[in-house]
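Working notes for the structure below.
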């Protein structure tokens, strides 16, 4: 073979290699086509069950989206959050971030049941969480994206990591950013992913201190709009009403859009962890302003950050297992 022909083949390989391999290379072995042969209808089935659940209760979209956050921030995206208490397992559902708050587990069960009928022990619970989060976003009017797949399920859970890794509603900006950085995420991911609070609800107990005693001086949070605070006090008294629900985005509570960021600029973020994005960091404030002005930019960054978060320490290959029931590990 001539030297010129060898050079031509070498160049051709360089040109076409990205086409052949790029869908696997950037996401730790995960790629959207993972179930194309083993369970071709997997994504269709997940979307169908999620759509029925959201049609029945619009709030469910935010609940399912939140499950992936609370799973990935604890020992990676491995569905550890879904495990119930059992011998050797202390469930993450009992952590401060999840107790009386995390929900949607029955919907995940319904998805798993449908998938087990279609293709037994093939689609992981971790991938179900990732797909359900995407579909919930789309059904609420948000952006769509190709979800890298191929995660496997853990055989363990970590209550302590759930308590320590998931940001709390009353955390400072620095504490929240530190927890994001611990997962390999940055300030752009923090602000973009916080935008998921454009849908869903929060309990009175999660923001009461802002209304009455933000800094231990029996005064409300000075960064909270006074008229908005007065409205909140009507259903969130100093004591009682802990479980009363409030929209995280009072302008368009069931629509996935950028009004959440506009609320922050008007000092009408519900949680302390929301409002600090606009008051405690110039970098995050700049992003809040950009997203408030440009919904398309918010959607673009949100999609990239969701894919990035979904790639936190996945179990792949022979690690972990494919659970038959998302609530318990398989019998050995």
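The backbone N, Cα and C atoms fix where each Cβ goes, glycine too.
Listed in TrEMBL for this protein:
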- 70: active site, proton acceptor (ACT_SITE)
- 71, 74, 76, 78, 80, 92: Ca(2+) 1 binding site (BINDING)
- 198, 249, 257: Ca(2+) 2 binding site (BINDING)
- 39-119: disulfide bond (DISULFID)
- 72-77: disulfide bond (DISULFID)
- 125-326: disulfide bond (DISULFID)
- 204-236: disulfide bond (DISULFID)
- 29-330: domain 'Plant heme peroxidase family profile' (DOMAIN)
- 1-22: signal peptide (SIGNAL)
- 66: site 'Transition state stabilizer' (SITE)
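The structure, with features from TrEMBL marked on it.
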{"residue": "39", "record": "disulfide bond", "Cβ contacts under 8 Å, 6 or more apart": "115, 118, 119, 122, 123"}
{"residue": "70", "record": "active site, proton acceptor", "Cβ contacts under 8 Å, 6 or more apart": "81, 92, 97, 98, 102, 162, 166"}
{"residue": "72", "record": "disulfide bond", "Cβ contacts under 8 Å, 6 or more apart": "183, 309, 310, 312"}
{"residue": "74", "record": "Ca(2+) 1 binding site", "Cβ contacts under 8 Å, 6 or more apart": "80, 81, 92, 157, 158, 161, 162, 165, 166"}
{"residue": "198", "record": "Ca(2+) 2 binding site", "Cβ contacts under 8 Å, 6 or more apart": "248, 249, 252, 255, 256, 257, 258, 259, 260"}
{"residue": "236", "record": "disulfide bond", "Cβ contacts under 8 Å, 6 or more apart": "204, 207, 208, 211, 244, 246"}
{"residue": "326", "record": "disulfide bond", "Cβ contacts under 8 Å, 6 or more apart": "79, 82, 83, 105, 108, 109, 112, 125, 128, 153"}
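Apart from 198, 249, 257, the residues listed for Ca(2+) 2, the same chain places the Cβ atoms of 195, 197, 199, 251, 252, 253, 255, 256, 258, 259, 260 within 8 Å of the centroid of those Cβ atoms.
The two recorded residues residue 66 (site 'Transition state stabilizer') and residue 77 (disulfide bond) have their Cα atoms spaced 13 Å from each other. Working note on the disulfide-bonded residues 119, 125: by count of other C-beta atoms within 10 Å of each C-beta, 125 ranks first. Counting other Cβ atoms within 10 Å of each Cβ, the binding-site residues 78, 92, 257 show the lowest value at 257. Across the structure, residue 77 (disulfide bond) and residue 71 (Ca(2+) 1 binding site) are spaced 6 Å apart at their Cα atoms. Around the Cβ of residue 249 (Ca(2+) 2 binding site), the number of neighbouring Cβ atoms within 10 Å comes to 28.
Under a cutoff of 8 A between CB atoms, and with a sequence separation of 6+ in the same chain, the neighbours of residue 76 (Ca(2+) 1 binding site) are 154, 312, 313, 314, 315.
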